[in-house]
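Notes to accompany the following structure.
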Amino acid sequence: MTAKRGIGRHESLADKIQRHRGIILVISVPIVLIGLVLLLMPGRSISDSVVEEYSVHNRKGGPNSRGPKNYAVIFDAGSSGSRVHVYCFDQNLDLIPLGNELELFLQLKPGLSAYPTDPRQAANSLVSLLDKAEASVPRELRPKTHVRVGATAGLRTLGHDASENILQAVRELLRDRSMLKTEANAVTVLDGTQEGSYQWVTINYLLRNLGKPYSDTVGVVDLGGGSVQMAYAISEEDAASAPKPLEGEDSYVREMYLKGRKYFLYVHSYLHYGLLAARAEILKVSEDSENPCIVAGYDGMYKYGGKEFKAPASQSGASLDECRRITINALKVNDTLCTHMKCTFGGVWNGGRGGGQKNMFVASFFFDRAAEAGFVDPKQPVATVRPMDFEKAAKKACSMKLEEGKSTFPLVEEENLPYLCMDLVYQYTLLIDGFGLEPSQTITLVKKVKYGDQAVEAAWPLGSAIEAVSSP
């Protein structure tokens, strides 16, 4: 029989451990396991934290690229082709890169207006652009991402029924094929003031001018295929004195509230005076006879807006002076048509030509023809020129023969060579006689605008995207 411990006996440490060994085992096992887990985890030094913070704050999209994102998909259905732009914005309306670029931009030819009698084929021409654009938007965000199709002047020239049939086919394509969000007015023909004001917003947004006084913004001339738009900010006083537009015409002034400041934007769109449409207007002046704007050696037909126009060159070749004369005629540069104090051409009020017009950015076909004519670098997104540079290039183009065209102007597409004299003369005449610029005045030709360390296409769709993501 084992004797009991005496009540007064002193218990050693070994005896205590022996007596409580079960409890100690239960406590020690989890502690050991936790220690092993911590030991096996990778270490994180102070320098690691600094590197991660630096990379977040110095990536192209900035610190907000991890926050909420809004995408917008904008189709530009122009007269010379269809284009799609995909943009991504953070909560501050700053652009976030898509891959290595600040936008996804894709284009193809011909445009919707090339299918005036086949709406379904017109809509299907957008399928490849739509699929690639939608694939760039995260799947979970597609139902919240606005898609817009803005048809411009080329479709307007087809007439209401033909253009509406094409637009309806595009609506059905988006409904049946896309997860993107379409509103009731998502597919439409843009009116001239929309196109011009969106372009103005785009360029001034990229230049970070929005929020500044109107005189610190830049004016914009956008020469498309079917129409040309002029837009610039004017004073409240000039806006108040703006003449009322004729019946059926758009208002001369749009009020826009951007970045905390109200702007009064003069904007006008000249339908039939885009570069491709203007060719038809100039050919109409000479009717079916020889035209002094056509390069020597050409005798063909010019097709535009579903119509054909005879385009025979003069036997003596093109003439810059004679081409200028009939171009001024086509522009209707005639003071008797002007019922206002100041006009551009065709009896249109010019907006007063205040501070918002002192710096002019000129886009689209102005840049393209200047690059093809060789007096700006096509690889550079921006170039500073003077209107007289177009006249100088026109002299060269008007004096050549058609067979010399490819060697003289290697960057010009063959189908455009017969009309190169006409295009350059028209652009010079539009700037000088139409918009009243001085021949030696400095203007900025713009293809893309630098935004941070990226270059963004200087086109109206970005302005439309800003409006889309700002709407509820």
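The backbone N, Cα and C atoms fix where each Cβ goes, and this holds for glycine too.
Annotation source Swiss-Prot lists topological domain 'Cytoplasmic' at 1-21, citing sequence analysis.
For 22-42, the entry in Swiss-Prot reads transmembrane segment.
Taken from Swiss-Prot, the feature topological domain 'Lumenal' applies to 43-472, supported by sequence analysis.
Annotation for ASP76 (ATP binding site): spatial neighbours SER82, ARG83, VAL84, HIS85, GLY150, THR152, ALA459, TRP460, PRO461, criterion Cβ-Cβ under 8 Å with sequence separation of six or more. The ATP binding site annotation in Swiss-Prot covers 73-83, 219-229.
Long-range Cβ neighbours of GLU195 (active site, proton acceptor) (same chain, at least 6 residues apart, Cβ-Cβ under 8 Å): GLY150, THR152, ASP222, GLY224, SER227, GLN229, SER269, TRP460. Sequence annotations record features per position, and here Swiss-Prot assigns active site, proton acceptor to GLU195 based on similarity to another entry.
Sequence-distant contacts of ASN334 (N-linked glycosylation site), defined by Cβ-Cβ distance under 8 angstroms and a gap of at least six in the same chain, do not exist. Per Swiss-Prot, the feature N-linked glycosylation site maps to ASN334.
Taken together, the residues in the topological domain 'Lumenal' (43-472) have a mean pLDDT of 88 on the 0 to 100 scale. Its Cβ placed at the centre, VAL220 (ATP binding site) has 30 other Cβ atoms within 10 Å.
When secondary structure is read from DSSP and collapsed to three states, GLU195 (active site, proton acceptor) falls in the helix class. Each of the binding-site residues SER82, GLN229 was scored by how many other Cβ atoms lie within 10 Å of its Cβ, and the smallest score goes to SER82.
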